[in-house]
Amino acid sequence: MDMDVMMISMCILASTLMAPGWASTSGFLRVPQSQSIVENEAADFGCEATDPASYLHYEWLHNGREISYDKRVYRIGSHLHIEAVQREEDVGDYVCIATSLASGAREASPPAKLSVIYLESASVQLLGSNRNELLLKCHVEGASGDEPLQIEWYRDSARLASWGNVHLEEHRLLVRQPSPSDDGLYRCTASNAAGRVMSKQGYVYQANIKCLPRLLKKNQKLPESWGKQTFLCRGKRGGSGGLDQALSPAPEDLRIVQGPAGQLLIKEGDSAALSCLYELPAELQNQRIQLRWRKDGKLLRHVELGGAIPIPGHAHDSGKDALLREDARLVLHKQNGTLSFASIIASDAGQYQCQLQLEGHAPLNSSPGLLEVIEQLKFVPQPTSKNLELDAAVAKVHCKAQGTPSPQVQWLREGSLNSSLPDQVEVDINGTLIFRNVRAEHRGNYTCQARSSQGQISATVSINVVVTPKFSVPPVGPIETTEQGTVVMHCQAIGDPKPTIQWDKDLKYLSENNTDRERFSFLENGTLEIRNVQVEDEGSYGCTIGNSAGLKREDVQLVVRSTGDGFAPEETGGDGFLVTRAVLITMTVALAYIVLVVGLMLWCRYRRQARKARLNELSIKEAGGDQPDASVTNGKGSEQEPCLSKQRNGASGKPKSKSNGDAQKSDDTACSQQSRSSKKSVYEQLVLPRSGLSELLQIGRGEFGDVFVGKLKASLVAASAQSDKDADTEKQHSNSENGSGGSGSGSGSTTLSTLNEKRRSKTSMDDIEEIKEEEPEQSALEQLVLVKALNKVKDEQACQEFRRQLDLLRGISHKGVVRLFGLCREKDPHYMVLEYTDWGDLKQFLLATAGKVNTATATSSPPALTTSQVLAVAYQIARGMDAIYRSRCTHRDLATRNCVISSEFVVKVSYPALCKDKYSREYHKHRNTLLPVRWLAPECIQEDEYTTKSDIFAYGVLVWELFNQATKLPHEELTSEQVIQRSQAGTLEWTVAEATPDSLKEILLSCWLANPKERPSFSQLGSALSKAMQSVAEK
């Protein structure tokens, strides 16, 4: 049936192409299609028409207006490309217009609609609440194109479904006859192709019904004063009223003498302290007492006061929001209960309350205090200069300012009387400068002023009125000439500023320097003249005109006939010959197209049958083996992995080329791919069961997903070690059989299905709840691990970075580099499981020893590291990085935050890369990528070139962090943009830390030399550190 439909459509196409006359035979081989694109992603509209008699010129219209091309929106041949789609500018209808250069006939394609998919925020709205029903709505700021938004509801941490008295309908949640079992915090999540967001604030529901008494657990001890007939009243998570009523009040001699009462007004950037003076009786010294600080009802910081074992968790807080992440600005002093802020930011504003919690008793609360922050007056973002198109209907320049109180924004024009704005220029209530019917007199400098009680700030922008370049005399072709003749190609343009004209041949620029000056002449008006034409001059010539308003291009074909052919334009056959030639060409193209389509259909059918046969054979083999492959067990074959490599390693021993056209620059810039003779791919050999993980705790978010700390069964750790040993043995055996110069046959490639990418991969609460906790007696049989989830399965850049980190760590076996235990890929999201230590990352350890992190249980901060200890840490990291270099790999993000340290003072190079929250201050978005610009060498920022020498540069910054105890950032007096500018200009100066030994200063300074070849190697650094440790030990 499909073959018949295809044959009929091809016949119709052939008959259309062979009809005489372009007006009647005009048609589009390819028309632009409507599409929905995620904001900031690229969009492409295809357009291709046919005209047998002449060449065609293409134009594009957006909402009825001709498109002005620039660096973001430009034309590739006849197709339209939009680099980063913006919903405010690019939404609408797009039409392709094809014009015949011979007859001047024009034809327009059907309009194609572009819809932008975006997702900003979600919130829970209460529509109705009474005894009979509870009705909530999930309000979402976003759009999903033709696909509906996916809404999910959660009560506390449990996902809800339509069952029992709970009904879900589109964006609404209805609970009929609510009871105490329905109490809790209700939140919603919305997801589409642009991502997934959760409502920042939910709705807390608590039924006005007393909780039912239940029998106590067996052998549970209670005070004798409570009496024999005692029942336990269990409340729902998220509601504290019922639980507090079931607990006895706190002892009277346990008091909070002074709390954070009143209102505290602090300027942004200043320090602040909230007091909580308490009295702790002697008889309660050994009791479990916890001092807590809450902000807006949410737990912020806590510390143990009594001498008993610290309380690992409390059921009363299990339903609350998660604790704030580690923040060096906040310090809770155990001695007096004071909560101090090193530097106030705007988000610190809120209501604060301190609390004493004695186990078995209701919490003792202080009076609440209000902290208000005076936000500094600033522009968000800074206004920028702009080019406006002449006669544009509307043009806008934004100016937004923030501060306390809210500032007033005003625009002024320099050089005019009273600094007034010209006609048809106005300012709206948001501070946006609006130009209507842009004219030449609107050109000039404009100043945006923001005023408040804090003072005044201003920013000046330059407004330039430009005219898009247009062809006054476009090149016309094709041009046919004889050898040794003369050809003149006209190309003249108008615009403001005056456009420049550039000629190219076959996409290679032409100039007086790369052409024969005796034959090629570039006239002042843009005309190109070629004298004594040669056969090699034949080709496609393009004329590009451009100014600050945009670029335009026209192509012309030059055909050179040899004098031996007896060609003369006036002696060619009449119109009959041209028509016959056009018909023959059309029939040949149509026939070739039909043959190609039929061949592709047969080839695809053969590939499907071959793939099905391979999968069946693999399933049979794996079913009889000791360890079935995860892809076969999953029932979906190896096509389940859209983000991992689609090819298996061959046995040739040759490295594979990198994807996305990113050429391999040197041995230092990419990991060499080691060959394996195993039938399984390298990723299948890393498979770990997801059930082997337990007690996952999220510690942050990285570039491609969430990052957790958890535990892995010791049996799986041993199996992973044995697998690595077997792989090395197999590799040695393969090398002994094939020899160094031998080459084996490569394994077949496996096509991977992308059905999983129809939904957005995200780490959900259900995935974490599937990993059940182990019994306490099994904790000794578990290994602490770091788990990195791949959530962005549709982001090719994130998938490529995930594969790069896998290839980096799987090929290294060294005590100075963390182990890669395996890969959980039974379902999305994939988990990368790495070795972790009991003391965590090195930066937090350095901050703790410097007294910058609240240790909670300790009476005082740990002592600072000695010089010999710092040198030992630097030496271990240098050994680990030397192992990475010998594996022909690069790290690309070496810093103390990406190293881990154990209680045995063993330091290893790792890769947590928590760039989205915990260490977001140490990364900066440059060229649409988050980069640690303060640790990067100049060649990494300018040319995106990563080598071992760039890792040497980062290692020098790491040693600087070690001797400064990681208490400050490199060049913290500069902004990230200033660091980038000075690094590119070569004016960024580096100095070693004051505590650095004299013997190391010279080699550490050489790590930051501008020429990468002059920087030392890791082996040289290790030798220098070893000598420095010996000299320090002798002293």
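Note that Cβ sites are derived from N, Cα and C of the backbone, with glycine treated the same way.
For C399, the cysteine that Swiss-Prot lists as its disulphide partner among C448, C491 is C448. Within the set C188, C211, C354, Swiss-Prot assigns C354 as the partner of C276, by disulphide bond. Feature annotation from Swiss-Prot across N365, N525 places N-linked glycosylation site at N525. Looking at the candidates C96, C138, Swiss-Prot gives C96 as the cysteine bonded to C47 by a disulfide. In Swiss-Prot, C188 is paired through a disulphide bond with C138, chosen from C11, C138, C491. Looking only at the domain 'Ig-like C2-type 5' (469-559), the predicted model's pLDDT averages out at 88. Per DSSP, the secondary structure of the domain 'Ig-like C2-type 5' (469-559) breaks down as 3 helix, 50 strand, 38 coil. Sorting the domain 'Ig-like C2-type 1' (24-109) by DSSP state (H, G, I as helix; E, B as strand; all else coil) yields 6 helix, 43 strand, 37 coil. Counting residues of the domain 'Ig-like C2-type 2' (110-199) by DSSP class, helix then strand then coil, yields 3 helix, 60 strand, 27 coil.
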